[in-house]
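Visitor: Below you will find the structure I want to go over with you.
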Amino acid sequence: MADNATHSYISSFFLVGIPGLQAFHCWIGIPVCLLFALALLGNSVIIITIKVEPSLHQPVYFFLCMLAVNDMALVSSTAPKMLGIFWLDAHKFDFSICLAQMYFIHTFCIIESALLVAMAFDRYVAICIPLRYTTILTTPMVTKLGLAGVIRATFMVLPCPLLIKRLPYYTKYVINHAYCEHMAVVKLASANTLINRAYGISVALSVMVLDLGLIATSYIKILQAVFRLSSQNARSKALGTCAAHVCTLLVSYTPALFSFLTHRIGKKVPPSIHIIFASLYLLVPPTVNPLVYGVKTKQIRDRVV
């Protein structure tokens with residue numbers, strides 16, 4: 001570790017953007033801007049539609065509304081800085097602001113995962129025990145599930161910036177990324193980062209294993225219930241109610257798993273490919289979710305039209 005007497009702590013980081021593709025940053029900024037605008041527009045339409053239509057005041061749509069709010073917050077914490085890098089060469093990022101961005105990005109990602117679990121639970125109750133749907137998923141229960149997701153994410157991610165604050169940063173200040181990602185920041189520290197790495201991996205694994213496990217359990221129960229139905233029409237209708245949620249799961253978790261595995265075992269994956277996927281993980285789901293639910297959910301589609 002460098003001696004504090006001869007080195008001063010850095011006060012800001014330099015975000016490269018996408019290494020190897022700096023010449024194309026201006027063009028890369030165009031789809032980023034479009035995704036940002038579509039995410040804000042689409043999620044705003046979902047929120048307003050659910051608010052003004054009394055028939056949509058049901059648990060499944062309350063969860064969807066929470067997801068839309070979280071998606072808007074997630075994309076807003078990421079896209080503006082990306083556009084600053086791509087279009088304005090605003091690569092410098094204050095140390096504290098970088099940690100704040102890192103905290104909010106990871107917090108919103110974990111909240112999103114919790115909301116997907118809650119929506120899977122909603123589908124399980126609606127299909128497997130429909131007669132108890134209104135007694136189980138009451139408005140207070142929906143509120144508690146949403147708050148539980150927020151509280152879990154808030155306290156799980158909080159140690160990450162606190163652990164980074166204790167690390168010395170003397171000479172390395174260039175982050176080969178388009179935003180302040182946890183592992184990218186940790187790697188620059190001039191000290192042993194075993195605790196930071198271990199905690200980051202444990203949080204990521206616990207969230208993915210727990211949430212994907214709960215979602216998988218819900219859908220196994222749903223499929224068992226669906227295939228016990230005698231009517232083909234009833235089966236199709238039951239599966240159709242889950243189609244939008246399954247699409248959201250695929251869009252959300254696929255790039256997330258790719259990014260997580262690349263950081264740990266994908267040493268041969270080019271940095272540009274890794275960072276593009278890591279950025280898509282934050283930009284594409286907030287953009288696609290309102291489109292998926294708007295198209296797949298008849299009540300929302302009819303109200304928007």
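For all residues, glycine too, the Cβ spot is worked out from N, Cα and C.
When I checked TrEMBL for this same protein, it listed these features:
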TRANSMEM  27-48  transmembrane segment
DOMAIN    42-293  domain 'G-protein coupled receptors family 1 profile'
TRANSMEM  60-79  transmembrane segment
TRANSMEM  99-121  transmembrane segment
TRANSMEM  142-164  transmembrane segment
TRANSMEM  198-217  transmembrane segment
TRANSMEM  238-261  transmembrane segment
TRANSMEM  273-293  transmembrane segment
Visitor: What residues elsewhere in the chain lie close to the transmembrane segment (273-293), defined as a C-beta under 8 angstroms and at least 6 residues from its ends?
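Guide: Distant Cβ neighbours of the transmembrane segment (273-293) are 18-19, 32, 35-36, 38-39, 42-43, 45-46, 64, 67-68, 71-72, 74-75, 78-79, 82, 105, 109, 112, 176-179, 181, 244, 247-248, 251-252, 255-256, 258-259, 262-263, 266, 300.
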Visitor: Short question: which residues 6 or more past the ends of the transmembrane segment (99-121) have a Cβ under 8 Å from it?
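Guide: The answer is 60, 63-64, 66-67, 70-71, 73-74, 77-78, 81, 93, 142, 145-146, 148-150, 152-154, 156-158, 160-161, 164-165, 179-182, 185, 203, 207-208, 211, 214-215, 218-219, 245, 248-249, 252, 256, 282, 285.
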